[in-house]
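Everything on this sheet refers to the single structure shown next.
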């Protein structure tokens, strides 16, 4: 029947009102009841938001998809029922809208169908492109897996370096070289206590020494294990990495703990003690007052607003430990370190991309990388303080602070070789206190 067909006389009405509901039909009919448009038996599930029969569903879909316009010559008051639902398409369509059928549902369905068709056409007409796309996807998945494995390895290094393993150490009886410490990590077992930053008491001279030993041991473990991941096995190369990154690594660890802590004026140590930015530290501390203030300010202004996640911190530590510009690196070690550092960069950016939009991820990556030169500058202050302390305090140089002495020497010795061993042999105190309780 045509769209402008005249309905029968019993379909006409004289009052201007919405199309009446079909007899015995509830507009909120349950699924499987009657069609809310014409009163016919509805299908077993909703169509476009309402219970409708197959005929009304197809009529509504076809009208919306084809953008058809109908005209009613009798005022839009035709009754829509099972017997006469095709008599006036205008009233039938408006009845569909009145009972709640959603036009946007048809448009969404049309878009999905179009996308599926376009995807099928691309697959049929561009087999080469599909193969390349598959290879690209496979490479991306492999790279993502490799990055995840790298992050897991670095997290394990951080966990084992911070864990407690305090056994009797032979360092109480000998003064080994850095080469001995890197070749035989068990020599430092006596100083691998559990690292805890609860900051319950002000650090005195002895607590500063204890924390210093533990932090340097932690840095040694970090550098040694990251070098092994990079396939750098020569001990001299490991020593070069350690000297270049020990101070920045320690400062990053202390800065992160300061930003996490409840106080914004304290630098917590790993033995539950702390130094205050408002108090002058002990004269034998490896951190001078100016460095404490700078570190505290940096932690509160730079680190705290960033809210670094655990994985981001681990990757930042790896970037610091993997310094390809460290003095004394062999060419092979420099190349290996640089390659692993690039992998860490990629893993960090991938991690940021998983949590934010590309622009935000790129901006956050830049903010994180800018932390490294700031740490390096503060690290220079630490090294200068250690050298001055080692020059005028024999207990620091050859007893409690032996590890830092081996790394940086004093103002007369830059500790680039093992000359500090000869110097320590001639200048070590004869008091048995330092030979039995050294470091």
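All residue numbers here begin at 1 and follow the chain in the order shown.
Here the Cβ of each residue, glycine as well, is placed from N, Cα and C on the backbone.
Feature annotations, courtesy of Swiss-Prot:
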type     : residues : note
DNA_BIND : 32-108   : DNA-binding region
COMPBIAS : 1-13     : compositional bias 'Polar residues'
DOMAIN   : 173-408  : domain 'NR LBD'
REGION   : 1-22     : region 'Disordered'
REGION   : 112-135  : region 'Disordered'
ZN_FING  : 35-56    : zinc finger
ZN_FING  : 72-96    : zinc finger
Looking only at the zinc finger (35-56), what is the mean pLDDT?
83
Mind tallying the zinc finger (72-96) by DSSP state, helix then strand then coil?
8 helix, 0 strand, 17 coil
Is it possible to list how many residues within the DNA-binding region (32-108) are helical, extended or coil according to DSSP?
29 helix, 4 strand, 44 coil
